[in-house]
Amino acid sequence: MTSHAGSQKTTVHIEAIDIESLQRSDQPVFLTILVDGKKVCKLPKIKYPQQVRWDQIRAFDIRQDSRVTLSIREARFFVCKSPLIGSVDILGRDALHISSTAWEGESPRELTLQVGETETKVKVKFPTPQGAISTPTEGVQVETRTTAGRVSPEIARPGGTQITPEEQLQPPVLEEVRVLELTAEDHTLLEKLRPIKYAAFDPTQTCLRYTREKYLEAIALWAKNDAIAQRFLWINGLTGSGKSFITASAAQRFHNDNQLGASFFCRRDDFKLNDPRNVLPSLSFQLASRFQAFGKAVSGSLRRDSDIWKFSVAMQYQKLFDAPLRELRGHNIPRPLIIVVDGLDECGTPPTRRPLLIALEKLSKVPWLKVMTSSLPHDDVRTFISRTSVECYPLPVMHGGRETFMDIYHHVKHFINHAASHRTVPPRLLEKSTQEKLSQWANGIFIWAATALRFIFQADNPDGLIIRLDKVLSGPRIKNAVHALHILYSTILTHFDGENEARTRLFQQVIGAVVASRHPLPVRALCALLHGQVGPDDVLRLVEDLSPVLWQDPKYDQGIRLRHPSFADFLTHPANCPARFFIDLPEQNVRLARECLSKMTTSLKFNICGLETSHIPNSAVKDLATRRNSAIPIDLRYSCIHWASHLADTRLEHTKREAILRLLDNFLLRPRALYWLEVLSLIGEVPVAADQLSILVHWIQENKNKYSIAANDMLRFVISFYDPISTCTPHLYISALPLAPKGSVIYKQTAQFRNIISIAKKGTTTWSANLLTLSGHTGRVTSVAFSPDGERVATGSEDHSVVIWDAKGGSVLVGPIRGHSGPVNTVAFSPNGRFVVAGSSDKTIRVWNAESGTHMCGPLLPTVRFISMNADGKNIGVGCTYANFFILDTKTGQVSSGSPDLHNASVNAVAFSPDGLFIVSASDDKAVRFWDSSTGASISGPLTGHTGEVLSVAVSPDSTLIASSSRDKTIRIWDARSYSPVGEPLRGHSDAVSSVAFSHDGRLIVSGSWDKSVRLWHTETRLAAGEPLRKHDGKVTSVSFSPDDRHVVSGSEDKRVLVWDATTRLVVAEPLQGHTSAITSVAFSADGRHLIAGSADKNAYIWDAGVHKAPSIVHGNPPLPKSVEFYPYGPLRSPTRTLPVGTDGWVRDAQGALVLWVPAAKSREGVVLTVPESGVIAIDSSKFVHGTSWVKAQA
């Protein structure tokens, strides 16, 4: 390629273009060169493979921002547009770089063109200047910056050679070249995203040619026209209306036009494709591969944190898109790339897909990206789009109208004509009237037409075709599209079983499992999972008989799938489905849970894949994939991944529950639990263990039975030892197991594994109660709150910020959110979890979107002392210094009502009634007041009686009583209907009562006082329920009931959190310690499993509320392990007794072998290991086996 530069355009000449590996030889092919979509050169047709080269190519002009397209098409007659084989684009700046640096590249230069399953090589040959230095640079994507002036001689080319003085005279010249090629390390890092590669669009699932053109043309116009402001396109329509086919067809066109950034097609019947957490990593992976500058930035994020795929969706967006995109500011991309996400309604639940919608909205605002989605018009998606600031381009897919009818008619006609080309078809089916009638009966629903045609043409003779046609078209036409689809499904099923009980029973066994399964299973795997209740031949016949609604997907090794999710909806709703075909999902989940547990009990074993050594990671075992496929069949793999998720969806009577618990006894309380983790390690699914165990804990319900204790124990084990278990399977046994606390359930399994290490000073005998430390604030944490779903935590701090945290992983989801100019005194979530409101000493209140950190409203009002939200999250009550009390509308951000004059001093607390009708406030003016929650008008008051400042107020669950506490050392009960005191004050505390709360059943009141005590009171009698609870050594600052009212939590200035039994009045655990300053706020999570405490030490701790003996945590910065000393001799009886500990916790020998793993990071909660000041850990290695001897660990 040669060029003659001008200030605006550059003339480019290509000497020759060769092709190879083109898997087409039946038709001649021709090549067209286009610049910015306009044809500049059409090369004559050649007959491949006899001819492989085009030459005599005329010159053409390009600019820096031009897009040069080499398009290869079949040469056919009588076709309006020749079929495209494939195309490949070169950005103008890349072509100019090639031209300006022709001496660096080998000639010819290779471009890769993807054609179906194969890669075609397109070799572009450029003239190479005589004497030029050749430096291979194929596949390098470059970013260039040019100038029309001279280039200073010190600027070197990427190959290292200097630019000659003669070359300086040729403008424009390269001023800067940045090589953006992804390295092998980059590709390795990107694979850590664990992308779902088969989630991308399927080119075989696109619209029939000449159909749905109206929608495809609208999408094409939206994609190419930057004048259209809406950058978020939403395709929506009824079930079966063809949304996914339209989306796939559009994605195919984007791909052909080199405009597809990434795509993800969600599917309900695949647990990987219906999990919102898998979408962003997969999109980021594809976009990184498509746009290498972005890929470089993403690999940088992964280099800093390789476990991003495990994060929440909000955090994934921040790490995988927000941060990389900030690095790319200033990059010029000629036209937008399109992000495609299909089937949003099949991805998660409304609460779990909302963060994904937020992320997609943000992506649509990136200048060089557009987002196209499709879904049913579900309320949550429609509401999100209508309420957010996103500029949405809605594209409803209509199921009526002439155009839709004609598209279905073309589909029907094409199907029948294709069938007639290879089999005998009765004349009636070939008649236009019959084809039009079938199209009319579809009611605009493509899935009806496709299913009906498959059913009709399943018949093996002409008479059978007519019989089935008559069945489909029998009776009057049903104009309700969904009802008509259900009638068709009933017709197919009735024809299938003929009321034969054996066939109905087979249907229930097989289709019940297919509908309830978490992903498609091949026939043999399904039969094996069902323990031979059905045979492969019977299943294959059933699939064949029900082929109109079932198919075997090659993506899943011929796994059985329903052709459309509407069939599953039909089968699982008794009002729609005939009784004998109805699938009882809870009952099917019981069956699959039982079969999964049985499969694991009988099939799991130690060293199932026969690993020979513990010295290398799983990734270095060359034939591990072969071993896995042989030793861990699909049914066992399925059981290990999904057993608990099936339990979660059961509805068990007592006898069935007992049967499941007996299976759990043989699994969870035996070494098989370790063998289960071994399989998950080998197949790379260790994170599944935490999910399944969390599900099991919820399912068991009883917090103190042996199964719950064992499940919690195993969960702590997985979280604490994730690194060694996921890295190298043998270290599950030789590193993780011996390091578990000696009092833990899992440690009891060491009786089966005697040849492992022993540690002289191991630490405590139980797991630490501290699950997570939320560290990051630079000032004292003043307030903490769990979100209603328990998934997030909000903290407010004197550093003027609010942070939203992941309650499970401890990572920052949103924030620090800044805006306040003073300390944040209080934070609260709205009942729907969408907002967090913060009050500050800067005399303002601000409301933030808890999912994005977007500032919703504020700053408003003087110094905020306390805030509370009503049940629907629409209004916020605000107590503040000077201005007293206001009501804030969360939607408009405006003060909708208020009472600026009625309290005479600072408002310390406000609370909404649970019924949402009124608000109660407490103030330093010693009064309690009632307000109408809609108007803010005073209902009654002031209610006087306290002789000191009122510090806290609470409303009973039935909204009939108010409790207030005061510096006067008393608690008063007020009638919320008559606004009068109920009886005498509750007396007993000897100092100010700082906090008061009702139990969730309303029977008890708990109070905390500066007299260092906690008291319980009977609500009805207003008498003390026993003696004061005295264990604190400082003022009690905060008290709360657990959701089940069985426990009370208290926080104190003595830096400790105590959990009390509300019945026995005894402390149920040792003090939860770790904070180094006063506790300011405590709260239970919604499920009661976790506690959070905020402190003046700038941290918030999340604690395990189920731990009954919590060890103390060493304050300060304990020493980290530096090395391990083995005694009486070194590993493998080596004379070297001391080996260093890497920053990743691995102890390696001189050859880099993995000898042992120890917790190396001080933030690794749960693994309690005493490390001396020297940092040297003493290990008894007298029985320690590792390397090729590791299998002897089991003894």
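Placed from the backbone N, Cα and C atoms, the Cβ positions cover glycine too.
Bear in mind that TrEMBL entries carry predicted annotations, made automatically and left uncurated.
Summarising the annotation, TrEMBL assigns domain 'Nephrocystin 3-like N-terminal' to 221-375. Residues or ranges marked as repeat 'WD' in TrEMBL: 774-815, 817-853, 900-941, 943-984, 986-1021, 1029-1070, 1072-1104.
Sequence-distant contacts of the repeat 'WD' (943-984) (same chain, six or more residues past either end, CB-CB distance under 8 Å): 905, 908-915, 917-918, 920-930, 990-998, 1000-1002, 1005, 1007, 1009, 1011, 1017, 1019, 1022. DSSP labels the residues of the repeat 'WD' (1072-1104) in these numbers: 0 helix, 19 strand, 14 coil. For the repeat 'WD' (943-984), the predicted model reports an average pLDDT of 85. According to DSSP, the secondary structure content of the repeat 'WD' (774-815) in residues is 0 helix, 24 strand, 18 coil. Using DSSP to sort the residues of the repeat 'WD' (943-984) gives these counts of helix, strand and coil: 0 helix, 21 strand, 21 coil.
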